[in-house]
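Straight from TrEMBL, the features:
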- 101, 103, 108, 148: Mn(2+) binding site (BINDING)
- 103, 108: oxalate binding site (BINDING)
- 24-39: disulfide bond (DISULFID)
- 53-200: domain 'Cupin type-1' (DOMAIN)
- 1-18: signal peptide (SIGNAL)
Ligand SMILES: *[C@@H]1O[C@H](CO)[C@@H](O)[C@H](O)[C@H]1NC(C)=O
């Protein structure tokens, strides 16, 4: 009985002494692991670790896709490290598109701030397509890991804010994965059933070789 009481007492003591860690501001000097960055020493953390001003300016849309994604992931905004969320800004010039892509690490919710955006995703189970024209104030959710896209479907520029359920959701654009590297053309053809001429054309545009 005495032993049991002692045991209970020490368990209680242990649980009340267990520290709660409020935050883990990422130490960007150390490598990122699947669990995120290691923590910057608490004594060195300031309010500026929890504030990021990089989304105030429009991204540069003078590019092939006429669009820009400006991320505030943990690599840009280390205060997010360990908190399970992040945010980004999406600028789409007229005719702009965020080509078919996935975020392997998180689900996404998009809020249209300006303009009109045609957005959609494809399910992995039945390859069913869900897409819709979104107007200012509309939000749409894109489940983790699924292929999805955004197209400026209006006449003027469009702006959206996207939020992710991961501080480091990742981004893989399908066309870049297939045509912007040195994967040999015959392997791209064999694995996609596309014509060699079309593959070479896309490799030329996107900077791929072989
Ligand atoms: C936008 O990007 C283009 C192409 O890289 C570049 O030529 C241009 O100077 C950039 N504009 C600004 C304002 O940075």
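Cβ atoms are placed via backbone N, Cα and C, with glycine included.
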101, 103, 148 as binding-site residues, winner by CB count within 10 A: 103
Per-residue Cβ crowding (10 Å cut-off), top of disulfide-bonded residues 24, 39: 24
The domain 'Cupin type-1' (53-200), counted residue by residue under DSSP: helix, strand, coil: 22 helix, 56 strand, 70 coil
Cα separation, residue 39 (disulfide bond) to residue 101 (Mn(2+) binding site) (Å, whole number): 30
Secondary structure of residue 39 (disulfide bond) (DSSP, helix/strand/coil): strand
Count of other CB atoms lying within 10 Å of the CB belonging to residue 108 (Mn(2+) binding site): 23
Shell of the Mn(2+) site beyond 101, 103, 108, 148, same chain only (C-beta within 8 angstroms of their C-beta centre): 102, 121, 142, 146, 147, 169, 171
Residue 108 (Mn(2+) binding site) and residue 39 (disulfide bond), distance between Cα atoms, whole Å: 25
Per DSSP, three-state class assigned to residue 24 (disulfide bond): coil
Residue pair residue 24 (disulfide bond), residue 108 (Mn(2+) binding site) - Cα distance, angstrom, rounded: 23
Local confidence of the prediction over the domain 'Cupin type-1' (53-200), expressed as mean pLDDT: 96
